[in-house]
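Notes to accompany the following structure.
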């Protein structure tokens, strides 16, 4: 039977749902739908931009402001208190006869998994830059995520009203740091009163926004002959020349035209659309969301240049008459239960429709909602290409291993790249009676956030959380209190060290036991070696090959699982063992021996090998960008040197500031934000993100072991 797929986002295994009822399938894509994500570095103005879109589209009656805590998309208590986006949220609004489904995503590195989930559902993205800062650390991260999903994108350079904004530097950053080909459709200009206006390259108009009506209206005036017009005409000619090298239709017109001035605007826009959807160029627009400038033209550009659903996802035509879509996020609502956010790829979903997952679990869609952050408007049906919230799908999301997927799953799966946890800590309920409620809360939070790791430490008997940073862990604790009314205690934050073997080792382990009257016997020879590629391999040397050829594929899979499971917890601090390969030399399995016994023996053999070879610790390293006034740099660098930091570069940042690029061990950065504020008297800013692991010297290793044992 052909399996229609509902594909989940990261760590929420790939799910494909198909319609069981006998219906005639009609392709109902609308060319008027745009599914977009909005991405940015923290504080670039992404949420403010989204709030302006909702306001000008008529979905809200007042302007939402981050600093006032009244935004639509930042609806969690923690988001409004801190002024940052934590969870991605979906909103739907009309604009110029189009329907835009927008996913607002977090900008903080601790919540990058939310970005990854959202990109499963969109056809294009808007990347917001801070006009005073250009391309920043998290901009590079989200750009690479969009690259992985092959998403067309627009650039919106925000905060161009600021005196220190530098549009040319932002464009240069796009070329140098993101290695993309930007095409500037607008340039900033200040009116006589000093207010930001925009010169449009294609239409040769000046756009000025009226602030008396909060930017709802703007006037566009053709530029009179002047230096500004001549410069803009040159920019228009450069744009046409650039696009004609990428688009045959425009090139044919240019060849037959005497002057670039006679090239029709509509022809330029069509060529720009084709080049954008084919990811040959990235259109660049500008404005100031906070000052209500440029937002309507940004929404026009979304409609004009980003693809409709029918222009992507042609691969899913193979499902024929089946209904298919992607499940990209799960949220929990106290009144409605689990809500499933779905991007519909084919067909139409209706309320009451019966669906079945590729794993054979039947579901019934009890209700459908149009998304507006945490507000929901019920609808009866949703067509292909759209985004919808489904209630009633209680078992669609489960945590299954990748190796359980069959070929059809692998064909349509996207590697989620769930980042490794960099911190972990114990979590305890306030009382024994709250244990079950806490476990249920963690289960629901894990469904929403795949980067949250929950495990049980059999040695200490504690529940252990793993997360992306101090802020991530703090938000989890706060959400458990505010949403589930459980005041949990978090233990001290511990660094998520990794381990790697010091030297190769080879051993044989033979185990015989009688369990429930059945004899269980396994003899296995394994070796551990340094290797960054495969975690498990077969030693197909002449002396071992005859034995390996007698082992059934199922037994090899069991041996592989057992061996790899032992690498999850190293002998020194319980860190994951990496850069290590297990080689199977030979194995003898007694008749009637259970798979679980074989798996346990393999794990025990690997643990013995790790103890024999010995392990070294690897500590997580963070890449920091610190911006501070020049006179504060020496004090900051002196403090960094005491933290075992490696200073890579010091660059000028504007007229008065400098930027320090540095790598430092995470273990030395606890509370560093507060320390930096003290050293710089509050004048410095910092961004930080993981950049890999590094080996440690013996003194630092001993200190790390003592910290892991709670002795420091």
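For all residues, glycine too, the Cβ spot is worked out from N, Cα and C.
Keep in mind the model is a prediction, meaning the values are calculated, not measured.
Here Swiss-Prot flags 40-47, 104-108, 158-161 as GTP binding site, drawing on sequence analysis. If you draw a 10 Å sphere around the CB of residue 108 (GTP binding site), it holds 22 other CB atoms from the protein chains shown.
Sequence annotations record features per position, and here Swiss-Prot assigns domain 'tr-type G' to 31-310.
What Swiss-Prot lists as transit peptide is 1-29.
Listed in sequence order, 131, 167, 188, 196, 286, 287, 288, 293, 294 are the same-chain residues six or more apart from residue 160 (GTP binding site) with CB atoms under 8 A from its CB.
Non-local neighbourhood of residue 43 (GTP binding site): 107, 130, each in the same chain, at least six residues away, with C-beta under 8 Å from its C-beta. Secondary structure from DSSP puts residue 160 (GTP binding site) in coil. The Cβ of residue 40 (GTP binding site) lies under 8 Å from the Cβ of 46, 107, 127, 128, 129, 130, 138, 139, 142, each on the same chain and at least six residues away in sequence.
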